[in-house]
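Student: One structure is given below, represented as structure tokens, and several questions about it will come after.
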Ligand code: PMP
């Protein structure tokens with residue numbers, strides 16, 4: 001029996017155990033093909049079924065109507081930082097961005113490289129990105145408004161999306177897709193690297209609404225046009241077959257084992273409350289995000305000194321709790337409690353934190 005730890009990695013991150021077991025079970029003979037999923041042709045019926053099933057599950061889970069196309073791309077969420085402005089900018093119109101930390105900042109940089117009129121309409125930079133801006137002004141002129149729904153590094157999350165006054169929202173949901181219910185209507189495009197809440201690294205989910213496709217310039221290289229992926233059902237070239245297959249199993253797990261996004265959100269709320277209630281009840285650890293902007297996916301906190309933080313990370317790992325080191329750009333500690341992290345893992349973390357504070361406080 002292999003020894004698995006409680007995995008609090010930020011991404012690649014924990015996958016549901018039943019998904020890993022399912023992969024293991026059908027690894028050598030994928031559904032009667034006599035081959036593994038890694039070896040079947042992407043043009044085969046076996047893979048076509050995987051792609052169709054995964055697409056249908058994503059549409060059901062997110063309650064997407066027929067105007068939305070579900071696409072599977074490569075290049076990570078980072079590739080979307082440049083593809084979004086390339087495809088969705090409109091001549092003569094500005095593009096609006098909210099800067100809530102590293103990943104938003106990178107998205108802004110890529111739009112600026114393209115020489116667009118980029119307006120940062122709200123930012124929390126002056127307080128080290130510890131909160132989500134309350135006001136997002138709109139004059140109704142932008143081609144789109146770009147948001148990062150969950151800020152993986154700073155541990156902040158849009159609890160409610162702002163009113164964009166009819167401007168299509170483009171949203172990087174890399175670290176909270178499938179974690180909660182939201183109304184897709186204001187979104188023109190959603191993208192998410194899979195390796196946090198949706199599957200393994202190697203595939204990026206892009207959900208794009210029909211009307212956005214009219215903007216795609218004919219002059220873009222074929223591989224960089226969203227229309228190519230729509231027209232060719234994400235199979236213009238070889239797609240990341242294994243990653244899509246695993247994303248299919250993860251969405252199946254949410255639908256059939258957890259019981260849907262509503263149930264998933266309930267579990268996530270309870271997990272986050274467990275950890276934040278503890279953080280609020282003591283003063284050894286200090287949460288870094290403002291309470292009304294806290295992420296339910298990435299819980300960031302500091303200890304009294306950096307020495308204690310190092311000790312905490314080392315000793316937690318020795319106790320079977322992995323991945324609690326904060327992002328290298330900000331330091332401190334971070335517990336990523338994505339969908340696949342079970343409640344008992346969060347309880348084990350809180351128990352460890354209590355004991356550590358008692359010994360070192
Ligand atoms: N956006 C967010 C919110 C992220 O957390 C990350 C990765 N940590 C990225 C974008 C970049 O993703 P990728 O590595 O897939 O390019």
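Backbone N, Cα and C atoms are what each Cβ position is placed from, and that goes for glycine too.
Heads up, TrEMBL stuff is auto-annotated, nobody curated it.
The annotation L-glutamate binding site is assigned in TrEMBL to 43. Taken from TrEMBL, the feature pyridoxal 5'-phosphate binding site applies to 77, 78, 103, 152, 172, 195, 237, 238. The domain 'Aminotransferase class V' annotation in TrEMBL covers 5-349. Residues or ranges marked as N6-(pyridoxal phosphate)lysine by TrEMBL: 196.
Help me see these features in their spatial surroundings.
Tutor: For residue 43 (L-glutamate binding site), other Cβ atoms within 10 Å of its Cβ number 9.
In three-state terms derived from DSSP, residue 237 (pyridoxal 5'-phosphate binding site) belongs to neither a helical nor a strand segment and is classed as coil. The Cβ of residue 237 (pyridoxal 5'-phosphate binding site) lies under 8 Å from the Cβ of 223, each of which sits 6+ residues away along the same chain.
In sequence order, 10, 11, 12, 13, 152, 174, 175, 297, 336, 338 are the residues near residue 196 (N6-(pyridoxal phosphate)lysine), counting only same-chain partners six or more apart with C-beta under 8 A. According to DSSP, residue 196 (N6-(pyridoxal phosphate)lysine) sits in a coil region rather than a helix or strand.
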Student: Using CB under 6 Å from any atom of ligand 1, narrow the binding-site residues 43, 103, 238 to the ones that qualify.
Tutor: 103
Student: Under 8 Å between C-beta atoms and at least six apart in sequence, can you list the same-chain neighbours of residue 195 (pyridoxal 5'-phosphate binding site), or say none if there are none?
Tutor: 11, 12, 13, 201, 202
Student: Which of these binding-site residues is closest to residue 43 (L-glutamate binding site) if you go by CA atoms: 77, 103, 238?
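Tutor: Going through 77, 103, 238 one by one, the closest to residue 43 (L-glutamate binding site) is 238.
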Student: If the pyridoxal 5'-phosphate binders are 77, 78, 103, 152, 172, 195, 237, 238 per the record, what's the largest distance between their Cα atoms, in Å?
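Tutor: So the maximum pairwise Cα distance among the pyridoxal 5'-phosphate binders is 31 Å.
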Student: To which of the binding-site residues 78, 238 does the lowest count of other Cβ atoms within 10 Å belong?
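Tutor: Taking 78, 238 as the binding-site residues, the minimal 10 Å Cβ count falls on 238.
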